[in-house]
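S.K.: Once you've had a glance at the structure underneath, I'll fire off some questions.
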């Protein structure tokens, strides 16, 4: 496998990184605005629940960020005192500090004539972690907030401006974080396997169409049995946690933090597919989507049989059928993406392990300086994409050196 540099970080990537940081800040402000509106309207319980979800998601993401910083090579850590980094993470500002630090490095790469490969690799290292943290925080915070927002709207049978804006931004953030994470993993492949615009749009849409119905049926179930969700979520989360544990993961540097990673992945799996293990994932994907479809159907049927016949929520029945069609459309788009629109198919190569289940053909980047490779994201890339046996051995050697 020839040695290859990561994709060049240029002005467009800098603008997108700045937009992502601004979007994260806007989403945080929207969550605070929604919670304040609940309190203003005399609904302190909803305000407290909204803030609790926000705090729990932020704490988990900050813990991951801090653990990663502690395990990173010293040369790649921000040039600030460790005590200041710890204080920023305790104040729940670690993620935004990472974003600002990455923008500073990105500006240097783009405009200060720092075009050396080490600078490009440093920027890639930072971008990979930000992408993963954004995915974590999105699923830990946005998806539960979306469920709560829909529940409140259905409960009150009216939607405020803040709620509508919150739903819109949250759905976009969830789908975008998945696309950004997938594109970040693909940066470990040769350039010819990058996503095209059309492939990116389809990837974004099928994730959106699969997540929306899941959130809707959980909100409908909560409408009749709000305390039932408090039982349903831990049970499904525990099943997903055990499933992830049985597959075996090696994302964090030690066994204790690895349990935190598995717990976060279990939350993601409550709402969306997320691959964590090597090997054939076609069957695992079928099992997962079959489980989620059955579980969501049971939640919808529980709402259907338990609802009181009234005109107040008569519109929800056609909405529920539309959600089923939306889910099936999402599955169809996913099959379409992996069969015809995937970059490897368009290049005459092979599909990802998600669809084909372990064909050979992809070449991973070989980095000159192993210390400048993000081992966490490199390991995840290996679980997502197949390798021929020689390439696999070369990849494992590089990971061991890192």
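The backbone N, Cα and C atoms fix where each Cβ goes, glycine too.
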S.K.: From 123-140, 141-158, 231-248, 339-356, which range did TrEMBL mark with transmembrane segment?
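M.R.: Going through 123-140, 141-158, 231-248, 339-356 one by one, TrEMBL flags 231-248 as transmembrane segment.
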S.K.: Under a Cβ pair cut-off of under 8 Å, which of the recorded stretches 12-34, 46-69, 260-277, 317-337 contacts the transmembrane segment (286-305) most often?
M.R.: 317-337
S.K.: With CB pairs under 8 Å as the measure, which of the listed stretches 12-34, 46-69, 201-224, 231-248, 260-277 comes out on top against the transmembrane segment (317-337)?
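M.R.: By Cβ pairs under 8 Å, 201-224 leads among 12-34, 46-69, 201-224, 231-248, 260-277.
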S.K.: Considering only Cβ pairs within less than 8 angstroms, which of the stretches 46-69, 201-224, 260-277 has the most against the transmembrane segment (231-248)?
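M.R.: Result: 260-277.
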S.K.: Rank 12-34, 46-69, 260-277 by Cβ pairs under 8 Å to the transmembrane segment (201-224) and hand me the top one.
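M.R.: Top-ranked stretch among 12-34, 46-69, 260-277: 260-277.
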